[in-house]
Amino acid sequence: MNNIFGIKIKRRRTISNKFLLLIAIASIVTALIIYSYFFFREGVSPIEGYRTMIIYAFKPGAGLKLTIRRTVPIILLTLAFTIPKKAGIWNIGGQGQMYIGAIGATVASFALSNQPSLIAIPLAILSAAALAAGWGGIIGLVRGKLNVNEIVLTILSNFMAIYIVKHLVEGGPLTSASGRAESDLIPVAARMPEIGGTGIPYTIVISVGLAVLFFFFFRRTRLGFEIETVGINAEVAKKEGMDIMKTTIIVMIIAGALAGIAGYHQSANVVNRLRSDLAENWGFYAIVIGLLVNLDSLAAIIGSFFLSGILVGTQSLQLSLGMTHGSDAVFFGLVLFVMVAFQAFRHYRIVIGDGVE
């Protein structure tokens, strides 16, 4: 490729998992070094700043509880991105699919309010997964049948989902009795119980369990093999008799179901009601994580936990150290930017002179 002052940039043919891990670590360290400038500008020691972040986010207590609760939807949304991506489909619509799932969970929760939790909780989760799976399946059908660009399609579906929620809670059939732009509280019967009174719902077990399940799904099942084959080379997959459109629909149904479960968690166990501001831009954060972990389901657990810790830990910068409002957003944005920039090393290598890297 380019040859400037004896330095060449060449495309990599292969890359090891160890090198991928090294890239991730190097990008994080670089981001921490760069952000030290903002600590100095605020008159705060970088060591004290990072110590505050880590302790708040990961030390047992309120911070760790928040980190784990936030990890749940991010794991599920990361899976909702990585599974279609293995088939070559860019699902940017995880956020919208989560909102659709939250609608299903909310409606089912109210309908089952008089039922015991043993019945209400599973049916609320299934309703969330089913409605969002249908939403994802429609997107997959349009993509497969009409060959519409899935990036545009899924981004538009995010806006559609949010506006549907707005319609339902802002004067619509799910508006709260008080008239506020939100639903009434989700009935207690439909809320996931906590693990030993820790404040952490059992949905963390569900999300981690699903990540492990799909790790083996892609290594042990024929369907998993077909999905990856379609993603690697669709033409070869066609010659082998694999149905591309069917695969597209299947992965989008799976993605929708996973994001829908995230919608159940967020509406029934965090916000405890349906709102149009149910969550932050977690669907887009999940995309970054999915790419950073190279679409690996198990690594998605670690990546989601780490990112959730950043989200929670940076909030403590303003509360504990009195840093300027927005410092948390700057830090998080910087980490994501550097991580994405370092992904260039996944595809290219620097060669000096006659071949010394």
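A Cβ is built for glycine as well, from the same backbone N, Cα and C atoms used for every other residue.
The transmembrane segment feature in TrEMBL is assigned to 20-40 (among others).
Counting residues 6+ beyond its ends, the transmembrane segment (66-84) has Cβ neighbours under 8 Å at 57-58, 90-92, 94-95, 97-98, 199-201, 203-204, 206-208, 210-211, 214, 227, 251-252, 254-256, 258-259, 261-262, 265-266, 269-270, 279, 282-283, 285-287, 289-290, 293, 295-297, 300-301, 303-305, 307-309, 311-313 in the same chain. Marked as transmembrane segment by TrEMBL: 66-84 (among others).
Positions annotated as transmembrane segment by TrEMBL: 96-113 (among others).
Per TrEMBL, the feature transmembrane segment maps to 119-139 (among others).
A Cβ distance under 8 Å defines the sequence-distant neighbours of the transmembrane segment (151-169), meaning residues of its chain 6+ beyond its ends; these are 90-93, 95-97, 99-100, 102-103, 135, 139, 142-143, 175-176, 181-183, 274-276, 278, 283. Summarising the annotation, TrEMBL assigns transmembrane segment to 151-169 (among others).
Long-range contacts of the transmembrane segment (200-218) within its own chain (CB-CB distance under 8 A, at least 6 residues past either end) are made by residues 65, 68-69, 71-73, 75-76, 79, 83, 86, 125, 191-194, 224-225, 227-228, 258, 261-262, 264-265, 269, 296-298, 300-301. Annotated transmembrane segment per TrEMBL: 200-218 (among others), in sequence order.
According to TrEMBL, the transmembrane segment annotation covers 247-264 (among others). Here the transmembrane segment (247-264) has Cβ contacts under 8 Å with residues 72-73, 76-77, 79-81, 83-84, 86-87, 89, 91, 94-95, 97-105, 124-125, 128-137, 139-141, 143-144, 203, 206-207, 210, 223, 226-227, 230, 237, 278, 282-283 of the same chain, all six or more residues outside its ends.
Taken from TrEMBL, the feature transmembrane segment covers 284-308 (among others). Residues 17, 20, 24, 57, 67-68, 70-71, 74-75, 77-82, 85-86, 92, 94-95, 208, 211-212, 214-215, 218, 336, 339-340, 343 of the same chain sit 6 or more residues outside the transmembrane segment (284-308) yet have a Cβ under 8 Å from a Cβ within it.
The transmembrane segment annotation in TrEMBL covers 329-348 (among others). Sequence-remote contacts of a segment are chain residues at least 6 beyond its ends whose Cβ falls under 8 Å from one of its Cβ atoms, and for the transmembrane segment (329-348) they are 1, 9-12, 15, 20, 23-24, 26-28, 30-31, 34-35, 38, 285, 288, 291-292, 310-311, 314, 317.
Note: the stretches the transmembrane segment (96-113) and the transmembrane segment (119-139) are in contact (3+ CB pairs below 8 A, sequence gap of 6 or more). Nonlocal intrachain contacts for the transmembrane segment (20-40), taken as residues 6+ away from its ends with a CB within less than 8 angstroms of a stretch CB, comprise 46, 49-50, 292, 294, 323, 327, 330-331, 334-335, 337-339, 341-343, 345-346.
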